[in-house]
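*Asks:* Relevant sequence annotations retrieved from TrEMBL are reproduced here:
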DOMAIN    A:19-387  domain 'ABC-2 type transporter transmembrane'
TRANSMEM  A:21-42  transmembrane segment
TRANSMEM  A:183-207  transmembrane segment
TRANSMEM  A:228-254  transmembrane segment
TRANSMEM  A:274-301  transmembrane segment
TRANSMEM  A:313-332  transmembrane segment
TRANSMEM  A:338-356  transmembrane segment
TRANSMEM  A:368-387  transmembrane segment
Amino acid sequence: MNKFWIILSHTYTTRLKTKSFLISTIISLLFIFAIANIQTIIDAFSDDSSEKIAVLDESGELFGPLKANVENIEEDIALVAFDGTVEEGKKAVQDEDYQALVTLALNENQLPEATYYANTITEAGIQTAMEEQLQQLKISAATQQAGIDQEKLAEIYAPVTFETVALDKSAKTGEELSQARGIVYVMLFLLYITVMVYGQMIAQDVATEKSSRVMEILISSVSPVTQMFAKIVGIALLGLTQIVLIIGVGYALITAKQDELTGGMFKYFGIEGASLSLFVYAIVFFVLGYLLYATLAATLGSLVSRIEDVQQLMMPMMFLVVAAFMIAMYGLNAPDASFVKISSYIPFFSPMLMFLRVGMLDVPTWEVALSLGILIATILLLALFGAKVYKGGVLMYGNSGTLKDMKKAMKLAKKE
Amino acid sequence: MTLSLKEVTKRFGNHTAVDHLSLEIPEKEMFGFLGGNGAGKTTTFRMILGLLDITEGEISWNGESIGYNKSHLIGYLPEERGLYPKLKVRDQIIYLGKLRGMTKQEAITELKWWLDRLKVPEYLDKKVEELSKGNQQKIQFISAVIHKPKLLILDEPFSGLDPVNVEMLKKAVVELKEQGTSIVFSSHRMEHVEELCEHLCILHKGKQVVHGSLRDIKRSFGKKNLVIHAEFPLDFLQDHAGVVKYKALTDGCELQIENEDVSQTIFAELQGKGFIRKFDLEEPSLNDIFIEKVGASYE
């Protein structure tokens, strides 16, 4: 078996078997399972019986329409006419016979007024529902007094017609945009998390081999460069396993529960409707982005001699990732901004930002090609540079954790 | 297969770690590689293994340069011990064995044989971090020899071991040599080198100060040691012609003399002075040679 594959499979299987990997995967799966079943879970915890609310109607005419309106909107609320005094009503609420007491009356203008009594007024849901419905009653009462007929009223309240039309023929339609936004969102998050988690893992792995001094044996049997890339790919496969598992389970659950979940959020993320080319772009930029940051992480990891120093040395890289992510988040709402455009050519930002632009705008092919070219060139340069640093760095021990060591490591790898 | 180093030089910036080192390490032999701390031993090993590039000169093994394509023929026990602390001995050795071109089955069979040989078969499924330092060293040794290398480089193989384990490993090393492995061996323990190696060199600040077979080195050193135990004071010998060093012992003295002939004049002089318990002319120890060659510049 090729040594590259030996290291790759070793990296993959030992990491796969670690407790931390298993636990984090299981927790993520549980989390997804919980989200997919959120409706069932909420139902299980909430009371099946509806909330009974006592209504003391002094006007004698409000209770009927209010009851009809509220119960129509909120299935869980039941309004019950209460015929006693206010004090008796309050007592009943305190004894928890009712959730709350509402007194209705008409003021001097013949408009409805209400007071809401409850043991605590933390449950805003019922209050708001009651208030909104009473508001409706008030509006219809007031407009009736003013002599406006109800049809006119409905017309006033109907939403305005507001259509958006992009004149540029190749510009994305609103629907396309929201689909693109979904996949851009998902890809940005995935790349961000992957680089954060697995970049860290690579640096950690290299540092562990160095600090346990097993490195010298390793590099006496395999070239450091082979080792570095085998590690990067091995951890990439590990990440892929986790991501595929999570997305796969998530997708299966969502499809199974589709009718339960209301469309809103998923329509916004409209992943299903996105075009194939966008998916291809997503994969290309994702892979390149990962390679770029992973190479950097391995290079940095080779410089430290103690695991505790990994965090410190990874900081600059983390800042880069966070910065890229921040710009991308801003860019989601303003993909046209000039600094988003500029950033989409800067290698450490381009995997996120050029993809964002490709998704949201109509970017000329040459621009994408240029950005990809710069990105690939940077990866190659970084790999060459990283391999040099790595070769010297893995033999270098002592007080480390500074970027100055990079120069020292390069020197060590050189002939003189 | 001979390992030959020709005018090998390694510079780190302005610092010359190894200075024009030329060596022939014969096949199927154990070669002692000595030197004080920082003399350039580990750097030389790393150059032989290709971990460091050579500034000048040439290293060849049987006429060919050493690259990663030969790593299955080479075994290396670095001075800085290192194994994966969290990995079981079995997984560890299988991994390192595979990297040296073995199959999983071969590695397991060999590992079991070696664990039995070093009397620690119970460690097969233990994590390395659970083992004592000395036992970790045994596992490390196994990782260096598991693939039956033709060339074995041992950097301080016996440090940190108790005398029983030192003997056990020594025997194993000698067996490997007898089976045809060429071994380069560095140590600060002169008696080990004296016991195991036919040829050796002493490195001092990157330069080779002594080189040759053990017997020749001792012979050409010239000076001999003379131990005398007697029941009368011997301090007058301090000023005797030909005595280089004088060291008093509780019941006599130990002398370093310029050559064998001096012992005879001393022997003659002692006649009739009293009872002599011991009069012993010894070859100089490697320790003496080392101290003289390397220590001279410290003074």
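Backbone N, Cα and C define each Cβ position, glycine as well.
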*Asks:* Cβ pairs under 8 Å only, please: of the recorded stretches A:21-42, A:183-207, A:228-254, A:274-301, A:338-356, which one is richest in them relative to the transmembrane segment (A:368-387)?
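*Replies:* It is A:274-301 that shares the most Cβ pairs under 8 Å with the transmembrane segment (A:368-387).
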*Asks:* Which of A:21-42, A:183-207, A:274-301, A:313-332 has the most Cβ pairs closer than 8 Å to the transmembrane segment (A:338-356)?
*Replies:* A:313-332
*Asks:* Check for me, if you would, whether the transmembrane segment (A:313-332) reaches the transmembrane segment (A:183-207) - at least 3 Cβ pairs under 8 Å, residues 6 or more apart in sequence.
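*Replies:* They are in contact.
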*Asks:* Under 8 Å for C-beta pairs, could you tell me which stretch among A:21-42, A:228-254, A:274-301 has the largest tally with the transmembrane segment (A:183-207)?
*Replies:* A:274-301
